[in-house]
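Engineer: Quick paste of what TrEMBL says about this protein:
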type	residues	note
DOMAIN	9-28	domain 'NF-X1-type'
DOMAIN	62-81	domain 'NF-X1-type'
DOMAIN	89-110	domain 'NF-X1-type'
DOMAIN	114-133	domain 'NF-X1-type'
DOMAIN	141-160	domain 'NF-X1-type'
DOMAIN	198-218	domain 'NF-X1-type'
DOMAIN	307-340	domain 'NF-X1-type'
DOMAIN	350-368	domain 'NF-X1-type'
DOMAIN	412-431	domain 'NF-X1-type'
COILED	460-507	coiled coil
Amino acid sequence: QVCGKPLPCGNHTCEQVCHAGPCGDCPRSGKRSCPCEKSKFTLPCTEDVPTCGDSCDKVLECGIHKCSQRCHRGPCEICRQEVEKQCRCGKHTKRMPCHKPYLCETKCTKIRDCQKHQCRRKCCSGNCPPCDQVCGRTLGCRNHKCPSGCHRGSCNPCPETVDVKCNCGKTVIKVPCGRERTIKPPKCKQLCSRPPTCHHSTQEKHFCHFGRCPPCRQPCQKTLTCGHLCPVSCHDEALVKQTALHQSAGPWEQPSEPAFIQTALPCPPCEVPIPVECLGQHEVSQLPCHSANPYSCKRFCGRLLDCQNHTCMKECHHVTKLNSSTDGKKVGPECSQCEEECTKSRPSGCPHRCVLPCHPGDCPSCLQMLKIKCHCKLSVLYIECLKLTCADLKEKELLISCKNQCPKELPCGHRCKEICHSGSCPLNCSQKVKLRCLCKRLKKEIQCSKIQEGQVSLECDALCKEMKRKASEIKEAEDKAAIEEEKRRQQAELEAFENRLKGRRKNKRRKDEVEVEQSSWQKYKNLIMLPVFGVAVVIVAW
């Protein structure tokens, strides 16, 4: 609603829609423009703004020309200027007042949106209106015609309805006209009252329907030859595909669709599970009644053979029970005979196999000879296998020893003194070796193991030290004499070089003092011989 509150001027009320807060100043207060908005006046809010007397110059409704009247109140008049106008279809022009529309008499020949009829409207701008004629085409129901206006594409479905009934006629539905030929009949809630066609006295309850009744799903319950009742569904009226008796004349003849005939099928084999034991008495399985016969479970027989070590590896088979045997798992004459070698474990260290075939009980003692090397790997020994496997550690050590001296070398380089033994040699070498002092004058025989341990050393005595001092003095004197001899030799070479140099200077002075005039051949022989020699060298090289 309009606010209506009095404004601060006291002469007018607020014309805004109901709002919150103050209404503000009066819109007629302050500076106001004249109707043409060229001049402004400051007047009380109770007085209207006068006209300014200038031309209006507002744009008229045509949007092209301006108003030529004086400043005035209210709307401007219509445009009366004459202009060259073009008709709506754009084919003709005419001079006439600007405010009048110009429509020619030319009829439009364009096809309307129905793509069947022409527009035929005078001075059409090209945007033709929809077709106003009746369609009249036969609808999809093939019973009525389209009452709608002329249009493109297919017509709308028929608005009429038709009743569709079930087989008994108690259920009715209304469907659009034309759909009664394709729509399914309505589902009727009434039970079918037709009599059964199989051997049962009553049929299963089902609702009203068209065509044949559905197949009977009740159990057959006929007595089979084994005495059980047939548990499958009723098969008095089963559909069976009929084999084509007619052969086609050639590939050009189209094969006919298979035909199905309704006939009674015999009862299937009895599937009642019967417990049956396999031939080898390993398991009891539930087999169908029609195939409940003794069978092989495909396992190994598994009965323990006479050797008491292996089992029968034949596939599950029948075993004849002997009168004296009470154990049902005992081997029979149909089982296989053990032909394996004895695979029982031998005593520790015996590499031979048992000489007997697979047998019960313990194996006999091994009497074969073992060929082995002694501890030092030099001799080959032949020992009875039984003695070696039954001996303890000390006896084995004596049996494998060749009783000769050990050939191994000790870290000191001497040969081991022990008899042939296992493991590493003892480190206490008892060999006697000579120990000398640093100057190699004194010597002493000591056990090798003590020298290796660093327990014994031989020091030089006073005589050794005196001899060492004299030897060093003699060597120093020899070194000094050699140095003096080298100095003398170098001095003699220097003097000889200086003498040769003085003799050359004297010969040069003599040649400078005596100048002999040379011949022309001696002067130019180098200039002549050099080119000749160069040419000869090139020729030889070539």
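The backbone N, Cα and C atoms fix where each Cβ goes, glycine too.
A TrEMBL annotation is a machine prediction, not a hand-curated record.
Model, not experiment: these values are computed from the prediction.
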Engineer: Near the domain 'NF-X1-type' (141-160), which residues from the same chain, at least 6 beyond its ends, have a CB less than 8 A from one of its CBs?
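Structural biologist: Distal contacts: 112-117, 130-135, 176-179.
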Engineer: For the domain 'NF-X1-type' (9-28), what's the model's average pLDDT?
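Structural biologist: Overall, the domain 'NF-X1-type' (9-28) comes to a mean pLDDT of 86.
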Engineer: Should anything in the same chain at least six residues away from the domain 'NF-X1-type' (9-28) have a Cβ under 8 Å from its Cβ atoms, list it; otherwise answer none.
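Structural biologist: Long-range Cβ neighbours of the domain 'NF-X1-type' (9-28): 1-3, 45-46.
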Engineer: Per DSSP, what is the helix/strand/coil residue tally across the domain 'NF-X1-type' (412-431)?
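Structural biologist: Tallied per class, the domain 'NF-X1-type' (412-431) gives 0 helix, 2 strand, 18 coil.
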